[in-house]
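Student: I am attaching a structure below and will ask some questions about it afterwards.
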Ligand code: DSN
């Protein structure tokens, strides 16, 4: 990863690439949707497959010269099938959002009804936010988490579905720390004769490792991201029963995309192979154990956690009670100055705004990849508390930064880079 070819042509970009590796090495990446993929995945993504057009699917392309593209895509499909047990897998979506788009485009007409979780309660833009095309092309209603418990309000969802009569219900979330009861949502969908899309973007790796229950075989469609907890090449994936296979494939290409990003498909194939190894299950278990340790220690410091804890790879902290004068944005900025990178996040019952929200979201997938254990994560929680208690104190930020440096040195990243 010394980017010597880039440096010869373009030192400015080479410097930025080097700077990014150094930034990832020397600070704690706690954005819950991020991870550090292996150098093997990076190698595959930086390969000559970036040059190849391969519209179509293996064995049936619109261009010649696709024998290696076919090989790579077939491997990605085989491995994903083994990981998730789905009847049909499409590995071409450029992102999780485009995987969702494919399901909507395949199954809905403009104006059809989508019932999905509100963004401020942990949902995702592509589930129907008015700023996204989904919110503009379809008739969207949103459900919420229970204001008291922070868990999905399954009874409320059932009542809302009976009234709204959606064509599709979307489950799977971006800032929801608890196990999702897929079967319960499927029952609601069955009751109102709706389809069910389970978006496992954040928890794809946890599902693959069996650390979170799987919606495959329950929901009609399962979409995911391939670079978050599963740590493979960047992009998305759609899984479904064989009966929907042609509709989904046509909705991905030519419905929503042109040529697949074959270098990323290669990265997916390599990452899926890594996720099939027994060590990956240990990684996924450790990721969850680390998030629990982080959350428990933050609670010890008086922070309020949405749902009072976590079952997965992230914690969502509501700062309003413990630190009423500090927004999630203020916390994000001060923490970044101290070498801890996470994001300000809206919380259920948000009283600020998406630009200056009331909470922070913190995830452990990337820290776990570089070797952090529960003790390290409790130390990280102590550091987060020190910063948020005194976000404007430069001495505090400097002393935390020094401890972050020690944690990074003890858990090196991309050593050969
Ligand atoms: N941007 C991702 C996240 O942080 O959750 C979702 O696409």
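Using N, Cα and C of the backbone, Cβ positions are placed for all residues, glycine too.
Annotations in TrEMBL come from automatic prediction, not curation.
What TrEMBL shows for this protein is this:
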BINDING   119, 123, 124, 125, 242, 353, 354, 355  (6S)-5,6,7,8-tetrahydrofolate binding site
DOMAIN    7-384  domain 'Serine hydroxymethyltransferase-like'
MOD_RES   228  N6-(pyridoxal phosphate)lysine
SITE      227  site 'Plays an important role in substrate specificity'
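Relative to the rest of the structure, where do these features sit?
Tutor: Counting only same-chain residues six or more apart in sequence, the Cβ atoms lying under 8 angstroms from the Cβ of residue 119 ((6S)-5,6,7,8-tetrahydrofolate binding site) belong to 125, 127, 129, 142, 346, 354.
In the three-state DSSP assignment, the secondary structure recorded for residue 228 (N6-(pyridoxal phosphate)lysine) is coil. Here the Cβ of residue 228 (N6-(pyridoxal phosphate)lysine) has 27 other Cβ atoms within 10 Å, regardless of which shown protein chain they belong to.
Taking all protein chains in view, 26 other C-beta atoms sit within 10 angstroms of the C-beta of residue 227 (site 'Plays an important role in substrate specificity').
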Student: Secondary structure at residue 119 ((6S)-5,6,7,8-tetrahydrofolate binding site) (DSSP, helix/strand/coil)?
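Tutor: For residue 119 ((6S)-5,6,7,8-tetrahydrofolate binding site) - judged by DSSP and reduced to three states - the answer is helix.
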Student: Between 123, 242, 354, which of the binding-site residues has its C-beta surrounded by the fewest other C-beta atoms within 10 Å?
Tutor: 242
Student: Can you check how the pLDDT averages out over the domain 'Serine hydroxymethyltransferase-like' (7-384)?
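Tutor: For the domain 'Serine hydroxymethyltransferase-like' (7-384), the model's average pLDDT rounds to 97.
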